[in-house]
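Report on the structure given below.
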Amino acid sequence: YVNGSSALSLVLTLHSLDLPQTSIYPAFIFGTATYLIILLCNLTIVMTICLNRNLHKPMYILLVNLASNDIMGATTLFPQLLYSILSQDRSISYPVCFLQGFFVHMYGSTSYLILSAMAYDRYIAICSPLRYSAIMNNENLVRIITGMWLFNFIIIFVIFALLLPYKICQTHIADLICYNPPLMKLVCENTQVNNIYGLFTLVLYHFISLSAVTFTYIQILIACVTKRQSDAKMKAVQTCGTHLVVFLFFEFNTFFPLIAHRSEYIPVYLRRVFSVSVFIFPPILNSLVYGFKTKEIRQKMFTCLKRKISSI
């Protein structure tokens, strides 16, 4: 039994990767390449928007937050995973596992809030275009972004603060990465309070995001059917399809592993695959769909690239 300050020196073991010897280096190279692609794509979007004043608009500022969050999510997974692949060492200290779990939940829940804010932005742009500048001004945008990150930090902080007092009687993490459900399975005491709060946060985030997206898309659909669309509105409507694809993909990718932990009928290997894939596919999809498929960002990227090539 370990608790309190003793847990600081505790070493845990993550679930084995089960890689044959011949697959270690290919897996490491593939993982490194994937991580670098995620960093390159999302950093390109962040730098392109930050360095071009014409892109300093609410939708693009929210996209900077989404790309930054994707970088944080990928960095939460890949460095530790790549080290494990190369060394075949699946041990991890309890404080590092605890910290990794915190950022895993920060990444997932922040994505929901950012996608909800983006849905709201599109709703205002399409349904109230004349009031858009007044509603989505710099002051309100700062409030939305600050409130979003602060709210998220407090909710996730409480999840992990509730874990601290418990005694730990196991050292094997039955998953490929640390996050709250497998960490709670290490505890040998009653975790009913944690389960209730965890379920509450799960319902809260999905309720916020699903409500925001459902409401905004119904309103946008009504506006498209009943009103004559201007070019500005049509441009805004075109971004809605990409947003919906990204949202639904992320919704499925995150909801499944969390529910899988509470069900005995879902295969364990599927839970493990989905728990890792959420750090790989959404960051790549977001950068491709939002960044490179958005005309304004694509044009700015090509302009910057041409300048670099001409200066060589």
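Heads up, the Cβ atoms here are built off N, Cα and C, so glycines get one too.
Summarising the annotation, TrEMBL assigns domain 'G-protein coupled receptors family 1 profile' to 41-290.
If you look up TrEMBL, you'll see 24-47 (among others) marked as transmembrane segment.
According to TrEMBL, the feature transmembrane segment maps to 59-78 (among others).
Under 8 Å from some Cβ of the transmembrane segment (98-120) lie the Cβ atoms of residues 59, 62-63, 65-66, 69-70, 72-73, 76-77, 80, 92, 144-145, 148-149, 151-153, 155-157, 159-160, 163, 177-180, 183, 201, 205-206, 208-209, 212-213, 216-217, 243, 246-247, 250, 254, 278-279, 282, all in the same chain and six or more residues away from its ends. TrEMBL lists 98-120 (among others) with the feature transmembrane segment.
The transmembrane segment feature in TrEMBL is assigned to 141-164 (among others).
Here TrEMBL flags 203-225 (among others) as transmembrane segment.
Under the heading transmembrane segment, TrEMBL lists 237-260 (among others).
Among the features that TrEMBL reports, transmembrane segment is placed at 272-292 (among others). With a cut-off of 8 Å between Cβ atoms, the residues of this chain six or more beyond the transmembrane segment (272-292) that come close are 15, 34, 37-38, 41-42, 44-45, 48, 63, 66-67, 70-71, 73-74, 76-78, 81, 107-108, 111, 175-177, 179, 242, 245-246, 249-250, 253-254, 256-257, 260, 298, 301.
On the 0 to 100 pLDDT scale, the domain 'G-protein coupled receptors family 1 profile' (41-290) averages 85 in the predicted structure. Tertiary neighbourhood of the transmembrane segment (24-47): same-chain residues 17, 63-64, 67-68, 70-71, 74, 78-79, 81-82, 85-86, 88, 280, 283-284, 286-288, 290-292, 297, 301, selected by CB-CB distance under 8 Å and a gap of 6+ residues from either end.
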